[in-house]
Amino acid sequence: VLHLDLKSANVLLDARGTAKVCDFGLAKLKREAVVRTQRIGSPMWTAPEVLEGDERTEAADTFSYGMVLFELMTRQLPYTGLSSMQVITGVITNLLPRPELPADAAALYPEDLVTLMRSCWQRSLEQRPSFEAILDVVELVTLRV
């Protein structure tokens, strides 16, 4: 399943602290996921190709996952202070750089996790990790903590 609107507000924690993804209103099954539609999720977390109206694939959720990681690490929304239209325009034109992880926040997290977050934001879909690769990194980081 492709979520296509992955953001922190759509991730809930149960009583044991286990994350659960919710709000599957834009979701598609993977086999039908290569679709074009005018509907987009929340621009602050949305991949460039989705904002441009291109096909939606797993790579779009990978991008959004990277934004959620940024938010968890900084406790700030991506692109704080910008309107949705400013974000959409900036991301599409490639003039808006990805949010910077402050040095004090970066120092708190394993370099593997920071690198993973940044790799999720690659402009090229092919350069973004698969969710299998993401899980491998997360499991590795978890084992070391």
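Cβ from N, Cα, C; glycine included.
Taken from TrEMBL, the feature domain 'Protein kinase' covers 1-141.
Confidence for the domain 'Protein kinase' (1-141), expressed as mean pLDDT, is 86. Counting residues per DSSP class in helix, strand and coil order gives 67 helix, 8 strand, 66 coil for the domain 'Protein kinase' (1-141).
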